[in-house]
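Taking it in order: structure first as structure tokens, then the write-up.
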Amino acid sequence: MGKISSLPTQLFKCCFCDFLKVKMHTVSSSHLFYLALCLLTFPSPATAGPETLCGAELVDALQFVCGDRGFYFNKPTGYGSSSRRAPQTGIVDECCFRSCDLRRLEMYCAPLKPAKSARSVRAQRHTDMPKAQKEVHLKNASRGSAGNKNYRM
């Protein structure tokens, strides 16, 4: 019984081995060499280095990284720890002419703005204006020596 149940398994192994032998003979060693060379020359995403960003691509990347904070094209004053006055480099020098990564882009983001108080200037009504400012406004309006010309400020 043991020989009958293992017979299909043996036939499968034999046919599969013969199939592999035929396929291996048709692939030459030069084909394998070129295949290995191609696989080694393709960079994988994990090993790909930082890229250069210029023009609109650089601005888009900065807007993506910095979000609502905004960004600077030059390093803010007081940036870095060197005491010497080196020529100031900007984001274009660092990311367009050379490659840069996300950390380098983040260095050019503006600092976070502090949260505004609950009662901001926009939240005030026009009637909340102090009387002194209203009086000055009325005095300026009564000086009609402008010859009926409207000036915008």
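The backbone N, Cα and C atoms fix where each Cβ goes, and this holds for glycine too.
Swiss-Prot annotations:
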REGION    49-77  region 'B'
DISULFID  C54-C96  disulfide bond
DISULFID  C66-C109  disulfide bond
REGION    78-89  region 'C'
REGION    90-110  region 'A'
DISULFID  C95-C100  disulfide bond
REGION    111-118  region 'D'
COMPBIAS  125-138  compositional bias 'Basic and acidic residues'
COMPBIAS  142-153  compositional bias 'Polar residues'
Notebook entry, point to check: Which bits of the chain, at least 6 residues beyond where the region 'B' (49-77) starts or stops, bring a Cβ under 8 A of a Cβ in it?
Noted result: 88-92, 95-102, 104-113
Notebook entry, point to check: How big is the Cα-to-Cα gap, in Å, between C54 (disulfide bond) and C100 (disulfide bond)?
Noted result: 11
Item checked: Same-chain residues at least 6 apart in sequence whose Cβ lies under 8 Å from C66 (disulfide bond) -> L105, E106, Y108, C109, A110
Margin query: So if I measure Cβ to Cβ from C96 (disulfide bond) and keep only same-chain residues at least 6 apart in sequence, which ones fall under 8 Å?
Written below: T52, L53, C54, G55, L58
Notebook entry, point to check: For C95 (disulfide bond), what residues in its own chain, 6 or more apart in sequence, show a Cβ-Cβ distance under 8 Å?
Noted result: T52, L53, C54, L58, A61, R104, L105
Note to self: Cβ neighbours within 10 Å, counted over all protein chains: which one of the disulfide-bonded residues C54, C109 has the most?
What the structure shows: C109
